[in-house]
Amino acid sequence: MTTFLKLLFRNRLAALGAVVLGAIVLLALVTPLLPLADPDVTATGDRFMRPFTEGHLLGTDHLGRDLLSRLLWGTRLSLAVGIAAALVAGTIGSAIGIVAGYFGGRIDNVIMRGVDMLMAFPYILLALAIVAALGPGLLNALIAVAAVNIPFFARNIRGVTVGLAGREFIDAARLAGMGHGRIILTELLPNVASTIVIAMSTTVGWMILETAGLSFLGLGSQPPVADLGSMLGEARAALITNPHTSVVPGVMIFLIVMSINLLGDGVRDALDPRLRSGALTRPRAVTLVDRKGQVPEADQKGLLNIQSLETQFHVGPRIFRAVNEVSLHLNPGEALGIIGESGSGKSVTALSVMGLVASPPGVITGGAVRYAGEDLLSADYRSLRQKRGNNVAYIFQDPLSTLHPLYRVGDQLTEAIQAHHAVPDATARARAVELLKDVRIPNAEARVRDYPHQLSGGMRQRVGIAMALANDPDVIIADEPTTALDVTVQAQILALLDDLRRDRGLAIIFITHDFGVVGQLCDRVAVMYGGRIVEEGPTATILSHPAHPYTKKLMACVPELGGGKRELAAIPGLPPVVSDLPPGCAFAPRCDKATEACRVGEIGFTGSDTHRVRCIHPEEVLA
Amino acid sequence: MGAHILKRLISAIPVLLGITVIVFLIMAMIPGDPATAILGSYATPENVEKLNRDLGLDKPLVTRYFIWLGNMLSGGFGRSFSLNRPVIDEILDRFNATLILAGVSFVLCTLLGILAGVVSAARQYGLADKAITFTVLIGISVPSFFLGMMMILVFAVNLRLLPVSGMYAIYGGGDLIDLARHLVMPALALAVVATGVIARLSRSAMLEVLRQDYIRTARAKGVHERRVIMGHALRAAMVSIIPVLGIQAGFVLSGSVYIEIVFQWPGVGRMLVDAILKRDILLVQGGVVFVAAAYVFFNIAVDVAQSLLDPRIKT
């Protein structure tokens, strides 16, 4: 509760709303005690006096009545009627909702049908019909406004109750022999009370506005008593000659509604955990680059060259060092594997290449990514966009969420082509069919018209691959392309990628957590842990002679087919949280060879250019 | 698709019947003698007695409902005593005006609201976002009837840019330009609140969608950012925006009652308020049923639009 209030008041607008509303409510409460003129005494000689005249701070209306006094009394009345309507609607609506939600079945069905019928009306129409039947008057307006808001409460509270009614404590109460009435009052009501209160406080602004509206139409409060709405309605006749009589009540309604809205927004935001975590921020078109140190010199290695890359996530005061001093290069036609557990930074490394790390919260804080010698991190959006998909293409993990659900796969393919080549639609479409055939999708001519949800998982991933191939890129970065698929489909997809690589001379970066996949596809492999590369070398060498204890353990996790009954090794402990990395080797806490020396200072690479390892006690001493 | 529309139309029948039940029950709450209420206080005793017999007041409530419904379906809502003409004629005369006002207003709030929401989301936390968020906050807090009055004061009285009220000029006019000039202020005043609500919702829907994986895919393909926002993201966001458009259409239709009063617009809303003040029950009842039915059909259109947009909805 205190954190809630703190959050609420950290929001300056909500605090402003609370202050304004508090002041208005206070004024309304003390109105009878203030030395004000009688609001209903007419003095036609003093009609339409301007604001700030002697004795009439806000002037007088068309009957010479003091506007300040009428305003305060009117505010009092409007607030009272609005709050009363909210209470009535809230009570009756909640009762209906609880009954429907608790009993369920037929009762629920009948009640909710009725509620749906009521909601089929434009709301004021219903209010007008009720006022028409009962006759104009403030009490009838209150009843009408409360009545049209009952469905809103009934529906909300029913939803909450349905969720609660199936819970164990309700069953327990029933088994204990409690009657329905008692269960509802003692077990259910306390649990839905907070929802009811929140719903009431967010709708009270509406209720005030709606009753004011009915009064404005002359259907609510009747002369001489006036709420804000009827003040405004009466003033309308003199709008052109004496606008102040309209402005005074109008501004007051505006202030009340706005302060309630501000407060309501504040409450909603404070209750929404996603806002606190910053999860509702939109990622920009390109990852933010904010390099602290020097940009590393170009060293002419490979077609794609990642040098000392550092990528971080800035979430509130916490900094997650997802990628730390990662250097990798990829030669034309080569397949490089990046392997590691979830959270090791392998995907973030891959996404950093084309500036696709979600930002905020992602920031690239150091290093360089060179494609054919050009630093992509200092490239502008235009040139980066031209390379995306055209020179470096991506295949992502889960093709159901990575393909657009509302576009036909053919359209998504032609779009990829037309993003880089100004070709006519027909040409692009023909090429899309070609691409689907290339990735061995049967009946490609018909499949282009399908939506992603109409395809199987394997087919969707083939579409993802076809899309990556659309512009004949030099480099494909495949981020766990087979993880979401079952084993047989997985093998097919891997074989397909391998064929495509050989046919087209593609260079592939293959991100995975599966050594089996690496062994099948990759020429070289880099092992990542805690945002760093801990070992890198030719696949055959690493598979036969792993040097880092982590690599060895990771390999032991892979079950061998036909390997008989052997205990599968799991690595004890959890991967490190990259916001709080210990000094020294990040793997030390889980490593059985670790010594004091492993826990201090920076541990550099040993070994050669072809096989290097970041470890003081390697399994194999590298030459 | 045709079958889907047909299915939705059939499902509207119980809703329409429900509406008549509700209106009938509300009208049954009228205190005192309904025939007097219907015929007005100048009715002759013979007429009152005849009407009471026709309404079957001595019969049970359910029977009375069916008599009432039969009268409505065959007799077209009855005859208004205050206007001395059939209710349905009066409604049809005025419904056009309401449709023009609410329709233009709805188009305005949809276009402006979505545009504002998209810009706001695309420039999150930027100057444009802050300006839009602030404007929207003001917009959703101003009562439309007060806003309308202030617009009259500024644009019609002080600046003399637009006519004060009405639908057409009394002398001359009557053409489309004249109508447009009269429509500007009421349509805007009516659109403001709904625009704000739609802008807010569009902003949060866009923010939600922009974080999705398929947006990253589109960017990875090299699709231009403008197309990512206005195509991929907006298309997906529309799935959650469209149902709210349906709800907001109801609010625009409702709000037209106030705006028609403020701007002397000759629509159904003003007719209803006049009828209530004159206690012309049949006119009220006919107007309410008619507009509610129109709204039901509008919502079916929204529903069909939704299923056209989202192929995952089974048609």
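Every residue gets a Cβ built from N, Cα and C, even glycine.
Note that TrEMBL annotation is computational and uncurated.
Listed features, source TrEMBL:
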- B:95-301: domain 'ABC transmembrane type-1' (DOMAIN)
- B:12-30: transmembrane segment (TRANSMEM)
- B:99-122: transmembrane segment (TRANSMEM)
- B:134-159: transmembrane segment (TRANSMEM)
- B:179-201: transmembrane segment (TRANSMEM)
- B:236-261: transmembrane segment (TRANSMEM)
- B:281-302: transmembrane segment (TRANSMEM)
Test of understanding: applying the rule of at least three C-beta pairs under 8 Å (pairs 6 or more apart in sequence), is the transmembrane segment (B:99-122) touching the transmembrane segment (B:281-302)?
no
Where, among B:12-30, B:99-122, B:179-201, do we find the most CB pairs under 8 A to the transmembrane segment (B:134-159)?
B:179-201
By Cβ distance under 8 Å, which residues at least 6 away from the ends of the transmembrane segment (B:236-261) in the same chain are close to it?
97-98, 101-102, 105-106, 109-110, 114, 118, 143-145, 148, 186, 189-191, 193-194, 197-198, 201-202, 205-206, 208-209, 212, 214, 267-270, 272-273, 291, 295, 298-299, 302-303, 305-306, 309-310
The transmembrane segment (B:99-122): which same-chain residues, six or more beyond its ends, come within Cβ distance under 8 Å?
128-129, 132-133, 135-136, 179, 183, 186-188, 190-192, 194-207, 210, 229-230, 233-234, 237, 241, 245, 248-249, 252-253, 256, 259-260, 265, 267
